[in-house]
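A.B. asks: The following block contains the structure, expressed as structure tokens.
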Amino acid sequence: MSHRKFSAPRHGSLGFLPRKRSSRHRGKVKSFPKDDSSKPVHLTAFLGYKAGMTHIVREVDRPGSKVNKKEVVEAVTIVETPPMVIVGIVGYVETPRGLRTFKTIFAEHISDECKRRFYKNWHKSKKKAFTKYCKKWQDADGKKQLERDFSSMKKYCQVIRVIAHTQMRLLPLRQKKAHLMEVQVNGGTVAEKLDWARERLEQQVPVSQVFGQDEMIDVIGVTKGKGYKGVTSRWHTKKLPRKTHRGLRKVACIGAWHPARVAFSVARAGQKGYHHRTEINKKIYKIGQGYLIKDGKLIKNNASTDYDLSDKSINPLGGFVHYGEVTNDFVMLKGCVVGTKKRVLTLRKSLLVQTKRRALEKIDLKFIDTTSKFGHGRFQTVEEKKAFMGPLKKDRIAKEEGA
């Protein structure tokens, strides 16, 4: 510490080294929850897309606390989660060196958005992926082989996972290539898992079948990229005094003369952001239903509550900034999550047994804010804005042109 007579803790954690750009854009599940055969068969993870943030008002249910039975305002994140399609089954056997893939079976029909994932350039390709494989499901020899594969998986496998992909055409994004991932199937016996997965081949699985209201989940994703940053921004080291020669936002001493190299633990400039991160214990405040047609009418009121009966959708006025409108099922999570808008996020069931009172608290939303997130929004719905503003000039011009 040079001539200082006191020490200080180091700046920045060494637990996240190396701080470099993530090799994958989609968050990777490095461990799934522990299997419990006494529970019914269920999936353990799901993919969603970050739409944006808003705030809610709710009444706290925490007896003995100072805020019990009082209203609190909390920030929430909206993650759009259209149903995922199951297109494959993978069986694993446990070996002394860990899990090993035993067999992989794909469905007969696979959509183009999923096939795009197997090509670097879909436009220039011959688009022949799985054409030979899908014939297995049609001829007699192929069917016999598939039956043998299923029976051998029941006999030898200990872990069953399904291959599922997202439906990009349902989202307000330009990307056409679906995100594909393996999701572990937990609960029941291996035979029950395999039967469950086989029944759902080529079927859609909604998020409501994976997660429940008030559940604590983990969010895995890649953080927002910041580019190449200096040492003060990247490691939050202290700025040097004003009169320092050759810059202030630096580290004055980067180590001793010997060993004659800079240690890995010394804060240096470099990449900041776009790192792979897993955040645990995010509470689900609401699992919302997407737009649906009932009796020939489009039902959008997925942001109404027992206290706020106004007919409004979860979308703020003008849509979510840099995202658009959420028209599919969505998950409302407490607080913030990693990544930028439109970023794909992996939602995973918690690995822990939740015992804390905050984790088990029942959430009853009183109000969901839907004002415009582009500036200082004042109105919750379009009708409220029209009632306050009165007839606008553009309305009068349109009326005159119509007449």
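Using the three backbone atoms N, Cα and C, a Cβ is placed for every residue, glycine included.
I grabbed these lines from Swiss-Prot:
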type: REGION; residues: 1-38; note: region 'Disordered'
type: MOD_RES; residues: S13; note: phosphoserine
type: COMPBIAS; residues: 18-31; note: compositional bias 'Basic residues'
type: CROSSLNK; residues: K39; note: SUMO2 cross-link
type: MOD_RES; residues: K136; note: N6-acetyllysine
type: CROSSLNK; residues: K224; note: SUMO2 cross-link
type: CROSSLNK; residues: K226; note: SUMO2 cross-link
type: MOD_RES; residues: H245; note: tele-methylhistidine
type: CROSSLNK; residues: K286; note: SUMO2 cross-link
type: MOD_RES; residues: K286; note: N6-acetyllysine
type: CROSSLNK; residues: K294; note: SUMO1 cross-link
type: MOD_RES; residues: K294; note: N6-acetyllysine
type: MOD_RES; residues: S304; note: phosphoserine
type: CROSSLNK; residues: K366; note: SUMO2 cross-link
type: MOD_RES; residues: K366; note: N6-acetyllysine
type: MOD_RES; residues: K373; note: N6-acetyllysine
type: CROSSLNK; residues: K386; note: SUMO2 cross-link
type: CROSSLNK; residues: K393; note: SUMO2 cross-link
type: CROSSLNK; residues: K399; note: SUMO2 cross-link
A.B. asks: Out of the recorded positions K226, K294, K373, K386, give me the one sitting nearest to S13 (phosphoserine) by CA distance.
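C.D. replies: Sorting the recorded positions by distance from S13 (phosphoserine), the top entry is K226.
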A.B. asks: So, in DSSP terms, is S304 (phosphoserine) helix, strand, or coil?
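C.D. replies: In the DSSP reduction, S304 (phosphoserine) maps to coil.
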A.B. asks: Through the lens of DSSP with three states only, how would you label K286 (SUMO2 cross-link)?
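C.D. replies: The residue in question, K286 (SUMO2 cross-link), is strand (DSSP, three-state).
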A.B. asks: Which of the recorded positions K39, K366, K373, K393, K399 has its Cα closest in space to the Cα of K294 (SUMO1 cross-link)?
C.D. replies: K366
A.B. asks: Restricting the comparison to the recorded sites K39, K393, K399, which residue's C-alpha is spatially nearest the C-alpha of K366 (SUMO2 cross-link)?
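C.D. replies: Out of the listed candidates, the nearest Cα belongs to K39.
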A.B. asks: Whole-number answer please: how many Å between the C-alpha atoms of K286 (SUMO2 cross-link) and S304 (phosphoserine)?
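C.D. replies: K286 (SUMO2 cross-link) and S304 (phosphoserine) have their Cα atoms 12 Å apart.
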A.B. asks: Can you check which residues sit near K224 (SUMO2 cross-link), meaning Cβ under 8 Å from its Cβ, same chain, 6 or more apart in sequence, and list them in order?
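C.D. replies: Expected: G273, Y274, V338, G339, T340, R343.
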A.B. asks: Could you say which of the modified residues S13, S304 has its Cβ with the most other Cβ atoms inside 10 Å?
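C.D. replies: Of the modified residues S13, S304, the highest Cβ count within 10 Å belongs to S304.
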A.B. asks: Can you count the other CB atoms that lie within 10 A of the CB of K366 (SUMO2 cross-link)?
C.D. replies: 14
A.B. asks: In angstrom units, rounded to an integer, how far apart are the Cα atoms of the residue listed as 'tele-methylhistidine' and K393 (SUMO2 cross-link)?
C.D. replies: 61
A.B. asks: Determine, using Cα-Cα distances only, which of these recorded positions is closest to S304 (phosphoserine): K39, K136, K373, K393, K399.
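C.D. replies: Spatially nearest to S304 (phosphoserine) by Cα position is K373.
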A.B. asks: Check each residue in the chain of K39 (SUMO2 cross-link) that is at least six apart in sequence and keep those whose C-beta is under 8 Å from its C-beta; list them in sequence order.
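C.D. replies: N186, G187, G188 - these are the non-local Cβ neighbours of K39 (SUMO2 cross-link), listed in sequence order.
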A.B. asks: Counting Cβ atoms within 10 Å of each candidate's own Cβ, which of the recorded positions K373, K393 comes out highest?
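C.D. replies: Output for this query is K373.
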